[in-house]
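Among the features that TrEMBL reports, active site, nucleophile is placed at GLU118. Annotation source TrEMBL lists active site, proton donor at GLU122. If you look up TrEMBL, you'll see 319-331 marked as compositional bias 'Gly residues'. Look at TrEMBL and you will find CYS23-CYS30 tagged as disulfide bond. The domain 'GH16' feature in TrEMBL is assigned to 25-236. What TrEMBL lists as signal peptide is 1-17.
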Amino acid sequence: MLSKIAAVALAATLVSAQTHTLCDPTKKDCPNPPALGAKGVNHDFRTGKSDFIHDLAGTYTSYDKDQGALYEIKEEGNAPTTQSGPYIFFGQLDVEVRVAPGAGIVTSVVLQSDDLDEIDWEWVGSDHKQVQTNYFSKGCVTSYDRGGYAAVSDAQERFHIYTIKWTPTQLDWIIDGVVVRTLKNEGLSGCAGYPQSPMQVKLGSWIAGNPKASPGTIEWAGGLADMKKGPFVAAYRSINVTDFMGGQGAKDATEYVYTDRSGTWQSIKVVNDGKTQSGGNSSGNSTTTKPTGAKTTLTTLVPTNPPTADTTDAPSSGATGGAGAGSGTTTGAGSVPTGAAGKVSLNLLAMGAAAFLGYLVL
């Protein structure tokens, strides 16, 4: 019989492996991602729908003059989800959201690229005290040491503004203007690689605690969802999106062009109406760009109640190691515990957005 740690790790692998892309430009030629560009987005959902995002198949989003866009789960199988058409190539995303309550219910704000770089905010409906953060590089799911937690008060009762600020050198997760986690791009590769390719915005909620899910997913989600307590509603009140267009001074952009199979930000051209603004290797052929990655420096809060049966004391402020990948340094109030208990917690955490995105294509 599998140990609890092994079972949870296996469940995390199976769920995360469902992450989906229609076309991966590191494996074959794909359509160029359309750029959001200099116009940006600043939309209040209390006024109605935004042209920036669209409902995926099976999703119906309603709008309320006080609460904004309502993503409602009424029955098993519901997974209301919206996705942007344009992409950002580094940038800032601010989403004002009140998350859906209830054990087994997950609310997500996700940035994801065609080659499966990913940056996440996620909330489990039974957890009133914290939000989960995560990132992935090129869809790598062979390790689960990139997750983190940050304290947030009454996420199911109050609106908060959650921000992702993403540049070629640094990634910040921010709550109501306060940085709760920082990831620096310092040159690692593989699973610890830095997210660096153009991404779409994906907003939604789903039922992780459903009877067909793996035991590990159900545990991560806080248990089975009790549909009799529904409907479960996540409210997105506003969204602000700024496209940094490669972060190298481009004035505007209409599309982004992968010039080779590396998926590195240096190899991706910023193009405005057919004219290259920045990025890409000079020949436009696949070759010489050296892959970069992330050596992580995390500034994150101690998890107030991480979903694991076994716990250890978190390292003190400034301790080396912890939740970061590789030899990154964890500073601030503390870090996710290391050791077996930490592995359980982080493996559960890794199931989040990857499971959500995979859920949509099952």
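Cβ atoms here come from the backbone N, Cα and C positions, even for glycine.
A TrEMBL annotation is a machine prediction, not a hand-curated record.
This view paints the features noted in TrEMBL onto the structure.
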| residue | record | DSSP (3 states) |
| --- | --- | --- |
| CYS23 | disulfide bond | coil |
| CYS30 | disulfide bond | coil |
| GLU118 | active site, nucleophile | strand |
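All protein chains included, CYS30 (disulfide bond) registers 15 other Cβ atoms within 10 Å of its own Cβ. If you measure from the Cα atom of GLU122 (active site, proton donor) to that of CYS30 (disulfide bond), you get 29 Å. You'll find the Cα of CYS23 (disulfide bond) roughly 15 Å from the Cα of the residue listed as 'active site, nucleophile'.
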